[in-house]
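Enquirer: Input: one structure, supplied below.
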């Protein structure tokens with residue numbers, strides 16, 4: 001079984017990652033339906049890649065807006081919003097990598113189709129040796145760029161999990177331990193949340209490159225045993241974070257008399273937002289582990305989930321954490337109110353200064 005899986009991984013003719021769906025040869029091995037399957041797979045890729053591209057663009061815009069709001073309004077610069085800022089940077093990096101992968105898929109520069117290493121199709125027989133060499137170089141460059149974007153995408157995904165984990169620790173300690181203070185030093189946490197994912201991704205990449213090359217298509221890399229280096233780390237963070245949040249809920253239920261303090265109410269809302277985030281991260285991370293269905297309808301649905309959820313999750317997180325947050329809306333409303341009052345005041349000054357000054361005639365004393 002392992003040999004068969006390894007063969008799937010190294011086969012350049014079958015490319016099925018969470019960014020580039022399978023060629024569809026697994027759906028049917030009958031030669032009479034091979035052309036229909038290929039057309040169906042290409043149409044599936046086109047539909048879901050288009051929707052995913054729209055999701056990536058919307059996510060990037062929402063992330064940039066959220067980062068801009070955090071930068072402009074000093075009232076949002078508390079510790080929890082700092083965590084959200086770094087989380088949004090990780091999501092922004094993930095969305096950019098996803099957008100580039102979608103662009104590469106939509107604008108493939110495959111000028112030759114290689115069925116086996118060293119064998120070209122009949123369409124290439126009329127090409128000159130220089131054109132064939134250029135085609136091979138273009139294909140190799142395309143694969144290297146695609147694999148590099150996959151590495152960045154996996155790194156940013158792991159960073160999203162680490163920053164979500166840090167928020168869970170922060171909420172847990174605020175309610176149960178009270179170790180964290182508003183003036184806490186952010187630098188150790190920032191270093192851990194960025195360096196640890198780099199180390200884990202580097203470890204996975206080192207093991208993966210022992211059996212695969214950077215200029216060869218990484219087919220089925222999510223189904224290879226080495227992918228569990230990433231998935232086990234993410235699963236550990238996800239389950240530990242969920243345990244922290246359940247412990248926080250248990251503490252809030254046991255102490256109802258403190259539940260109405262303003263700070264506790266804010267933390268309860270933060271707990272709800274973090275709990276909503278857990279299933280979203282879990283589904284997007286572990287949907288890639290599901291086997292690809294052989295039925296065309298099942299393949300269409302699973303391919304859509306794999307492509308759409310990762311590209312739209314940043315937009316959903318920004319809605320939960322920023323655009324639906326009362327503190328953020330309050331700051332924006334106050335800013336709009338200030339701008340309106342300032343505009344009205346300047347308008348009144350301009351109106352009063354532009355009015356003609358009426359001169360009052362002076363009385364001339366009458367001589368008797």
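Backbone N, Cα and C define each Cβ position, glycine as well.
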Enquirer: Looking at 155-177, 270-292, which one is transmembrane segment according to TrEMBL?
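Expert: Going through 155-177, 270-292 one by one, TrEMBL gives transmembrane segment for 270-292.
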Enquirer: According to TrEMBL, which of these ranges is transmembrane segment: 85-106, 107-128?
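Expert: The listed stretch tagged transmembrane segment in TrEMBL is 85-106.
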Enquirer: Between 18-45, 46-73, I'd like to know which one TrEMBL lists as transmembrane segment.
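Expert: Matching range for transmembrane segment: 46-73.
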Enquirer: Below 8 Å between Cβ atoms, which of the listed ranges 46-73, 187-207, 227-249 makes the most pairs with the transmembrane segment (304-324)?
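Expert: So the stretch in question is 46-73.
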Enquirer: Could you tell me what the rest of the chain brings near the transmembrane segment (187-207), counting residues at least six beyond its ends with Cβ under 8 Å?
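Expert: Same-chain contacts beyond the flanks: 86, 151, 154-155, 158-159, 161-163, 166, 226-227, 229-230, 233.
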Enquirer: What residues in the same chain, six or more past the boundaries of the transmembrane segment (46-73), come closer than 8 Å to it by Cβ-Cβ distance?
Expert: 21, 81, 84-85, 88-89, 91-92, 95-96, 98-99, 102-103, 105-106, 303-304, 307-308, 310-315, 318-319, 321-323, 328, 331-332, 335
Enquirer: Restricting to the domain 'G-protein coupled receptors family 2 profile 2' (48-325), what is the model's mean pLDDT?
Expert: 75
